[in-house]
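These come from TrEMBL:
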- HIS496: active site (ACT_SITE)
- ASP546: active site (ACT_SITE)
- GLU555: active site (ACT_SITE)
- 109-568: domain 'Glycoside hydrolase family 9' (DOMAIN)
- 1-24: region 'Disordered' (REGION)
- 74-93: transmembrane segment (TRANSMEM)
Amino acid sequence: MHTGNHWGGSFEIQTDSVTDDDRSRTMDLDRAAVSQQLDETQQSWLLGPQDEGKKKKKYIDLGCVVCSRKAFKWTVWSIVVAFFVVALPIIIVKSIPKHKDPPPPPDKYTLALHKALLFFNAQKLNDISNIYRARTLSLAGRLPKNNGIGWRGDSGLQDGADVVKGGLVGGYYDAGDNIKFNFPMAFSMTLLSWSVIEYPHKYKSSGEYDHVRDLIKWGTDYLLLTFNSSATTIDNIHSQVGTARNASTSPDDHYCWTRPEDMDYPRPVVTSPSGPDLAGEMAAALASASIVFRDVPAYSKRLVNGAAALFRFARDGGKRTVYSKGNLEIAQFYNSTGYYDEYMWGAAWMYYATGNASYLALATNPGVPRNAKAFLEVTDLKVFSWDNKLPGAELLLTRLRVFLNPGYPYEEMLRGYHNMTGINMCSYLHRFNVFNWTEDYMDATNVPGWFCGSTFFSADILRSFASSQLDYILGDNPKKMSYVVGYGKNYPKHVHHRGASIPRNADKSTRTCKGGWKWRDTSAPNPNTITGAMVGGPDRLDGFSDVRTNYNYTEPTLAGNAGLVAALVSLTGSGGGGIDRNTIFSAVPPLYPGTPPPPPPWRP
């Protein structure tokens, strides 16, 4: 048997009996078969291309691809044509400078903000702490070249030299005199810091962010010099540099009318061995500034440590006497009427700066608002000022309830503060004993307005009221006078201010204590424009006397300008609306336990 081949033929293998000769002969092609005409398929198999006259295609080996030369040329030319037809026009169009519409001009509040901040430059004293400032972030040495106030120079270089090693150089003059008062200066720094925490985007958009931070640091640097800021416990605070007596007949900061650069009379330092009001406000200033400078950790920590020492001093049971009591050098200017409002105010800022719940517990302790008379209907206590922090503290703590809602055990007191904030706000409206007011947090929480009794006031109405108060200050008043120097065309020209009222000698010589009296008493306008200074303003009948010696009308102050800056930045359109909701809470730990992690997967 043999294996059959179902495709035709046999699978039999020839045996060795077949010789190589025979195999060779059987494999030779049949000559007749070769001579026959082959079809096209056979020709392609056996003979290759038969048409010798047809031109062979040329190919290009590109490495990973082989293509015909003709196709390659077409591809290259297509790319070249596409470049000139499509890409080149696009490149040309892109390279031609486009006409851009100029940005809208700054609104009136932004323009006024630029000027209001310059007032603080005019109030600066010299600061010689070169090494310290070089290591942090601010200006070094004497008054910086970019201070922007050409008629100001170095002054107060010997302040406190006989009291503190290195002296008490720096800080700000308070008003039109040449005295440094810690109490209103600290309050001013707290207000500036609060405004930066709430509206950093507006400051950045207006180009004033770095400027306002430098102004804050100039003040907090000085405050750190006035007590032992490296200690955890302190015994006193140097609360004032320079003194004056009303109707004085000896050289002091009232009797003399002298440029700060020309002072040659004694400038005593007033030291306070007690003062919960002063220490509470200074703690608020340093704590709020520590939030502003959280991007500079070393400085922020130094501010927090100093604030903690101050607040510990404020809470010392043996030092609970207002700092001005029995001290005529202080009481005739910045007499304090209490300190429980500073406990609320300072404790709130300490809580925001540190996240330590003990501060919040103090701020919401029923005894503190009771002693501060926080829930009494006393009209004067609704006015936020350097002496009365109640409205500010209530609003600051209302912010906590609105955004974080900490609940028990703080809710009852926070609800009371929230309610008082609403009552304060309503009382400022024209129909309820009007006071100046800046915006609440309604926009941020989508609250459409507020009920004052049975009357509902929309957020737009409340904002319009706030704007109307600033508009009045900026010139929309019966006198058609701007009470901010340098804003508009009609503003006070006889500001009660020593440096602004006396021209600087061309030969840089100094003038004596009495030498400036002729400039104080002249009816001529000030030779130096103290740009941005908000003067005392009109009386209740819209009357205003632009007379230098009439300081009730024409004298500016640090605290007044700080409040003006805060109001202006809140209403300016620069940077858009809204507030920064989160920065103020950056040190506050979570108020509730976090969500526990999911359990591990079950395993048999």
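Residue 1 is the first one shown; counting continues down the chain.
Keep in mind that glycine also has a Cβ here, set from the backbone N, Cα and C atoms.
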Practice problem: Identify, in sequence order, the residues in the chain of HIS496 (active site) that are 6 or more apart from it along the sequence and have a CB within less than 8 Å of its CB; answer 'none' if there are none. | Solution: GLY176, VAL535, ARG548, THR549, ASN550, TYR551, THR554, GLU555, PRO556
Quiz prompt | CB contacts for ASP546 (active site) [other CB atoms within 10 A, all chains] | solution = 17
Self-check item: Segment confidence, the domain 'Glycoside hydrolase family 9' (109-568), expressed as mean pLDDT
Solution: 90
Exercise. Note down the number of other Cβ atoms within 10 Å of the Cβ of GLU555 (active site), including every protein chain shown.
Key: 19
